[in-house]
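J.: Take this structure, written in structure tokens, and hold onto it; I'll ask about it next.
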Amino acid sequence: MTTEGFTGLVNHRISPWFVIHNLIICMTNCPTLIVTVGLPARGKTYISKKLTRYLNWIGVPTREFNVGQYRRECVKIYKSFEFFRPDNEEGLKIRQQCASAALNDVRQYLADKGGQVAVFDATNTTRERRGTITAFAEQNGFKVFFVESVCEDPEVIAENIVQVKLGSPDYTNCNTEEAMEDFKKRIKCYENSYETLDEVLDRDLSYIKIMDVGRRYLVNQVQDHIQSRIVYYLMNIHITPRSIYLCRHGESDLNVKGCIGGDSGLSPRGKEFANYLGQFIQSQEISDLKVWTSQMKRTIQTAEAVSVPYEQWKALNEIDAGVCEEMMYEEIQQHYPLEFAMRDQDKYRYRYPKGESYEDLVQRLEPVIMELERQENILVVCHQAIMRCLLAYFLDKTAEELPYLKCPLHTVLKLTPVAYGCKVESIYLNVDAVNTHRDRPEVGISTYSHTDTDFVADLVNIRGNLCYA
Amino acid sequence: MIQTVQQTLLQTGQRLLWVSSCLDLESCLDLERMDTQTKWERTWEASVPQLTNSPTLIVMVGLPARGKTYISKKLSRYLNWIGVPTKVFNLGQYRREAVQSYKNFEFFRPDNEEAMQIRRACATNALEDVVIYFSKEHGQVAVFDATNTTRERRISIVSFSKEKGYKVFFVESICDDPDIIAQNITEVKVSSPDYVNCDKDEAQADFLKRIECYKQTYVPLDDEKDRHLSYIKIFNVGSRYLVNRVQDHIQSRIVYYLMNIHVTPRSIFLSRHGESELNLLGRIGGDSGLSPRGHKYATALGGFIKGQHIKDLKVWTSHMKRTIQTAEHLGIPYEQWKALNEIDAGVCEELTYEDIQENHPEEFALRDQDKYRYRYPKGESYEDLVHRLEPVIMELERQENVLVVCHQAVMRCLLAYLLDKTADELPYLKCPLHTVLKLTPVAYGCRVEHICLNIEAVNTHRERPGNVDITRNPEEALKTIPDHF
């Protein structure tokens, strides 16, 4: 493949090196400002963080801007709910300043720092405040999309307060009852001036109104692709407690040989792991467990031992290593030293010739993630690169970290969503296996290289000449 | 004693089903030891699991001329394409069969007892057919396309479904824009069998009176009273949606789809890349550049597109050289989708059909037996293609004027979606090189214009040969392959 210079407004080079970005980045021209709306303890921050995590994972640079945090930086010590009283002039002034500071940072992020989406996380409960934000966005050429969360269920609200408010920096010196009381009074301060998004008055705005934690949605004037994806995502997430179990297949015959890819069966130790996995799952006594595997022998053989009906996804198949399939790292180093080095330089975006990149994997795993969000208790038996992608989504890891996440064989990760994140328990099932993890090598030196001098010579070639047949 | 043993044989994405006389599972799993008494056939595991359990009954709600039939047909086409067997049950059709000739709107008057009885009987018949579709014809989703404008009618449908164990999902279309309604009537009602003997204005006037008959008893889905039902309410052709209690995966997909479709007039242009170097040699797959004739086509395509004066045209290509080189000649910015890459022929990449016959004769035959589901070893099937193209289709629905420069198998999949072709027809749709297809949505379907740009190219279309048995001889296998250098 040669690098050809293309004329035209978009410059694309065909090479495994320059990967053409996911359509979504091409689709959105203006940056988007997502604005949350709702009384305190309605899940705005939960939604903001989750949405930000999802968008970043699919490759849309997104950042959240929580006004509460700006307020905490400005007003070092939180005394009581009185700060939020609508007649507290001084409090109002400070809060307005914080909102402005946050919007300023939003502008910088979207206009100067390559951000694509900014999530402005605040109550934004008055039409006046929302009008100011809309004007700000228009001035700067940003699209606006409102996400309102409406909930009147006192149990849900109380649970929210317990999960995320009591542990907030605002209440470090209060006991539970005091904190609960104060927070409830805080909510009251907003209630009188709360103007919900109105079907008639706000009919020209783009928004989704989420009612009762997702029982009901009102969607108005979706403008473009990214807003449509955001709506789809928000309509698929839920907060029902559940756990996600991730593990790789048992050790395979090719693992033992030190080869990547392929479609081999389990080694004897791999079979042992499968049995132990079955026992472990039984012992957990999980209600209504779903089991997913890929369509490769080694995950299917592993799931067979669990004795729960399982479903196969082609999308969970291991990364396609193209011309390097079934080779050992030493062989790749020998036959494709250039490729090997380039992969180490950008492991996330590097695409194996006739194969895939981690970035491709994320795109093919997106429907799996969407369905995982809909599900409850679930065990996913998959592969190293796949598990890294899924883990990066759940634990909010960057594209740089993703390809180096540690996912050893014979270890189950139990992820339980809690507060704004995920609790992770790592359970090693005590069956030995080879180590298939390869750390990011230091610049210019491969951890698997036999002859460093040969390798350095190759590196010189890389710098000198980016054309390859 | 014959025992049917069905096991997921642990090969990539394949399932082996065989009838065996051996009761010993262990020896059954060892293919090499299979004796001549056993007979086996291969099927391929679908790339995405079947995520639906109970059948789903979608119930349309709305006054006449609100787009219910348009939505029903489009939704059904989409669901069938992604592999969910779906059928539309249009009450109007049942009524036309019961009452052979339509006189006028008086039939629909709410005080017309005789007509009411007929209409009720039709609804019962339609629901009986739904039961047959689900229980005997392997249907997964049925769309009950009728006005269903009274709470009484909807309650009876809900209890019927509960009894049978079907899930119910309502789709209500609400529209009060008189222009849209008038447009609907012109596009699909005036030409309906009901008005075959009327002139346009008569038909229009009668239909408006028909709508009035329903308005008197119309009770829309209510926020409070219907809060336990699962439904989506579509306002004014999609400017606003109200979604209540989505129960499962398929309902979530249906909502997502309905929220992405629109009725703004536009055209979709489909074309393959220009003839490639590998095309000339009769080789499949690969990533070669354009032949000289291919470049000619690309230039001609550029001229054609300019001549069409298309407003705001978006151009999409795959990541493969030949589509990109084709788009380059257009002089318009284009976007690349990896999902538009040609079907991966795995071990058969860059082989000619003769090579495949020589090196993989059995695979070649299996492919002819079930070209839609057949998956090349280490490659893909048409079925896999459809799943990878689903986001492309979703975005195509959102867009307006688009030109998609793609590949033979990919174009077949897109065409099958747009023209409602079955899985059996899909792999044999004719998509010749150097021809542009212009698809314009009209009424309930798509108008297709074939524009051949008059640049010579090889033929790459291979018809299904007469003999698809694995025991066939090479001549029979190669009978239908197109000529090449």
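Using N, Cα and C of the backbone, Cβ positions are placed for all residues, glycine too.
Remember, it's a predicted structure, so these values are computed and weren't measured experimentally.
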J.: Which one of A:ARG186, A:ARG203, A:ARG298 goes with A:ARG248, A:HIS249, A:GLY250, A:GLU251, A:SER252, A:ASP253, A:LEU254, A:ASN255 at the substrate site, as TrEMBL has it?
T.: A:ARG298
J.: Cα-Cα, whole number of Å: A:ARG298 (substrate binding site) versus A:HIS249 (active site, tele-phosphohistidine intermediate)?
T.: 6
J.: Grab the pLDDT values for the domain '6-phosphofructo-2-kinase' (A:27-241) and give me their mean, rounded.
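T.: 94, rounded to a whole number.
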J.: So which other residues, same chain and not among A:ARG248, A:HIS249, A:GLY250, A:GLU251, A:SER252, A:ASP253, A:LEU254, A:ASN255, A:ARG298, have a Cβ within 8 Å of the centroid of the Cβ atoms at the substrate site?
T.: A:VAL256, A:SER264, A:GLY265, A:LEU266, A:SER267, A:GLY270, A:LEU409
J.: Which value in Å gives the longest Cα to Cα span across the substrate site residues A:ARG248, A:HIS249, A:GLY250, A:GLU251, A:SER252, A:ASP253, A:LEU254, A:ASN255, A:ARG298 as recorded?
T.: 14
J.: How many Å lie between the Cα of A:GLU318 (active site, proton donor/acceptor) and the Cα of A:GLY250 (substrate binding site)?
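T.: Given the Cα positions, A:GLU318 (active site, proton donor/acceptor) is 14 Å from A:GLY250 (substrate binding site).
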J.: Over all shown protein chains, what is the count of other CB atoms within 10 A of the CB belonging to A:SER252 (substrate binding site)?
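T.: That number is 29.
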J.: Let me make sure I understand the structure: which of the recorded positions listed (A:ARG248, A:HIS249, A:GLY250, A:GLU318) has the fewest other Cβ atoms within 10 A of its Cβ?
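T.: Taking A:ARG248, A:HIS249, A:GLY250, A:GLU318 as the recorded positions, the minimal 10 Å Cβ count falls on A:GLU318.
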